[in-house]
């Protein structure tokens, strides 16, 4: 196959942009184990070229992942099932917190970001195990 040099350059550029769009999500803890009643904090930091939308998903054993939170503006603090998450654009963080862990909170938690409807970029996930 014989391509013109400008066509090759465009293809290489497109492949580079597709491979590295500048978005990443980091969940520093892969496994968190704590006693029922203690506070929970699951860390999520991100890097993004644009101003992203952030999400937390929860996946209980033998169930599909479910959306737990979405955040579109700075310093909003929605609450769901006792959990809350605050988006801090200044520190590029969207940590998930709960004042008192329950046994039913044991699950896999994923932080994710999206830029204006583009694909979701997920963190590695954090498995929370709550013991009596």
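Here the Cβ of each residue, glycine as well, is placed from N, Cα and C on the backbone.
Copied from Swiss-Prot, the annotated features are:
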type     : residues : note
SIGNAL   : 1-22     : signal peptide
REGION   : 23-114   : region 'V segment'
CARBOHYD : 43       : N-linked glycosylation site
DISULFID : 44-111   : disulfide bond
REGION   : 115-132  : region 'J segment'
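Remark: secondary structure over the region 'J segment' (115-132) totals 0 helix, 8 strand, 10 coil, with classes taken from DSSP.
Considering only the disulfide-bonded residues 44, 111, the Cβ with the fewest other Cβ atoms within 10 Å is that of 44. Cα to Cα, residue 43 (N-linked glycosylation site) and residue 111 (disulfide bond) are separated by 9 Å.
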